[in-house]
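One structure is given here, and the rest of the page talks about it.
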Amino acid sequence: MLTDSDKKLVLQVWEKVIRHPDCGAEALERLFTTYPQTKTYFPHFDLHHGSDQVRNHGKKVLAALGNAVKSLGNLSQALSDLSDLHAYNLRVDPVNFKLLAQCFHVVLATHLGNDYTPEAHAAFDKFLSAVCTVLAEKYR
């Protein structure tokens, strides 16, 4: 559960994230490189570095996270449709959400540098863990 302090840190981090609109695509590229088995969920995508399809999907990832940041008090409702899509239509193994979250942390650390303090990292990790949990809810 996110404390008020965590929520404040998440909002502060997010204000910096939105200055880097390619963070989502970078996280996806890192995901595909580090965990190549995740490519199986994107058979119709050009997965090469700089691909328009990866860049566009990265924008969708960032938009979904932005929606979650705006709805920190009710993530389940904010992410319900996305959870349905991934569970029932796309049938994405929920472990992949955690893998993407790890990749997102690396991208944030790369772009934010010293602004991604241990406290900010811990709060954002709680946030991403909560997002992963909500996205996996429909699998039960």
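For all residues, glycine too, the Cβ spot is worked out from N, Cα and C.
Counting every protein chain shown, the Cβ of HIS57 (heme b binding site) has 16 other Cβ atoms within 10 Å. HIS57 (heme b binding site) falls within a helical segment according to DSSP. Annotated heme b binding site per Swiss-Prot: HIS57, HIS86, in sequence order.
Each residue in the domain 'Globin' (1-140) has a pLDDT score, and their mean in this model is 95. Taken from Swiss-Prot, the feature domain 'Globin' covers 1-140, and the record attributes it to sequence analysis.
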For the domain 'Globin' (1-140), residues assigned helix / strand / coil by DSSP: 108 helix, 0 strand, 32 coil
Around the Cβ of HIS86 (heme b binding site), the count of other Cβ atoms that are within 10 Å: 21
